[in-house]
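**Q** Residues or ranges marked as transmembrane segment in TrEMBL: 14-37, 43-67, 88-112, 124-146, 158-181, 193-216, 228-250, 276-299, 311-330, 342-363.
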Amino acid sequence: MYTKKGVADCIRHFAPAWFAVNMGTGAVSILFAAFPYGNETDALNAISAAFFVLNLILFFIFTTISIMRYTLFPDVWSIMIRHPVQGLYLGTFPMGAATLIGVGTTVLYGQYGFGGRAFLYTLWGLWWVDVGISVLCCWGVIYIMITEQHHSLHQMTSVWLLPVVTLIVASSAGGELAQALHSYSVTSALTTVAFSISMVSVGLVLAFMILTIYLYRLILHGFPPGASIFSSFIPLGPMGQAGFSVLLIGQSLKSFLPVSGSRSSFLGSAQAGENVFALCVCISFFLWALATMWLGYALLGIQRVLRRKRIPFKLSFWGMTFPNGVYANLTINLYRVLDVPFFRVWGAVYSVFTILLWTAVFCRTISLVRHGKIFEAPCLEVEEISEADNEINSSYP
C-alpha cells in the first residue's frame, strides 16, 4: 500500500529527471511559434509566450527544490551521480534552460521586441553559462560513466544519449541567438556560430557512436522492458535538434557571408555562404530521415510492450515530449526551406500530436504530485533497500 510522502521526502526524492518537464514544455512553446498554419497570427505567438512563462516558473521551482535537496541531504548527490540511470539525467538541466533561451530569443525578442538590445545580450550571456554547463555535463557525466558507474549492454537504454544531447541543444539556441545578434555585432554573431558548429559536431558524432551501441543492444536483447520502452523516443532528440541546429547554422552563414573587409578566402566569399547553406540543408534532411527511422522503431517497440502488459505512469514518461517536439520542429523548418507541402502537413500533424501528448502527461503528473506518488528517486530506493538488508543482517549473530 502506498504511503503519502511528506514534504521532506518529496524534496529528497526530487530527481534530476524533473527538468525533462522543462524540455517538453519548451518544445511545445517552440511548436506554437513555428506552427506552419497561421504562425503569423498574434494568437499563436501569445500562446507560445504563455508556455514560456509557465516553463520559466517551473524551471525556477525545480532549481530551488534541487538546491534544497542537495543542501538538506548532501549524501544524495554522491548516491545519485553514481547511479547508472539517474546520473545521466543531469543533462536535462542545461537542456531545459536552453529551450528558455531559444524561445526568449525568437518569440519574446524576435516577435515582441521585449527588452531590446539589453535583453538580447542578457540571453547571450546566459547562453554562455548554459554552454559551460552543457560541456561539463557531456564530458563530465561520460567520465563518471566510465569511472564510477556500472553498466551492462542488456540494461542499456537510449538514456545514454542525454549527456551528449546537451551540446546539440545548446548549439541550436546559439544558432537562434546568432541571427538576432548580427544586427548589433558581426563578430559576436560569428563567434556564436563558430561555437555552435563545434558543439553540434561533437554532440552529433558522440550521438552516432551511442546509437550504434543502442542498435546493437536492441538486436541482441530486444526492446527495453516496462516504462523504459518510452526512452525509445529519445533518439529523435539528437537527430531532430541537430538537424534544426545545422539548418540554423546554414541560414546564418548564408546571410553573414561575405564579411566586409575580411581577407579570408572563406569569410570573404559570398559563394561560400551559399554552398554551406546548401550542404546544411542536405545534412538536415539526412538527419530528419534518420529520426523518422527511429520513430518507426519506437512506435513498433511501444506497441509490442503495451500489448503484453500495462505500464504505470512514471516521471520517465516526460522523456517522450521533447524528442517528438524537436522532430516536429525540424519537419516544419524543412518545409520552410524546401517548400514541399508534405513537410508542412506532416509537421502540423505531428505538432498537434506532441501538444496532445504534453497535455496528457502534464495532467497526469499534476494528479500524482498532490499525493507525492510521482516523487521517486530509484537511486535512493536502492540505497534504502540496501540499508534495510544490512539492518536485518546485523540483527542476527
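These residue numbers are counts, starting from 1, taken along the chain as shown.
Backbone N, Cα and C atoms are what each Cβ position is placed from, and that goes for glycine too.
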**Q** Give the nonlocal contacts of the transmembrane segment (88-112) in its own chain as ranges (CB under 8 Å, at least six residues past its ends).
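**A** Tertiary neighbours of the transmembrane segment (88-112) are 15-23, 25-27, 29-30, 33, 45, 48-49, 51-52, 55-56, 59, 62-63, 66, 81, 119-120, 123, 126-127, 130, 133-134, 137-138, 141, 145, 159-160, 162-166, 169-170, 172-173, 176-177, 180, 322.
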**Q** What residues elsewhere in the chain lie close to the transmembrane segment (342-363), defined as a C-beta under 8 angstroms and at least 6 residues from its ends?
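**A** For the transmembrane segment (342-363), the list is 21, 24-25, 27-28, 31-32, 34-37, 317-318, 320-321, 324-325, 327-329, 331-332, 334-335.
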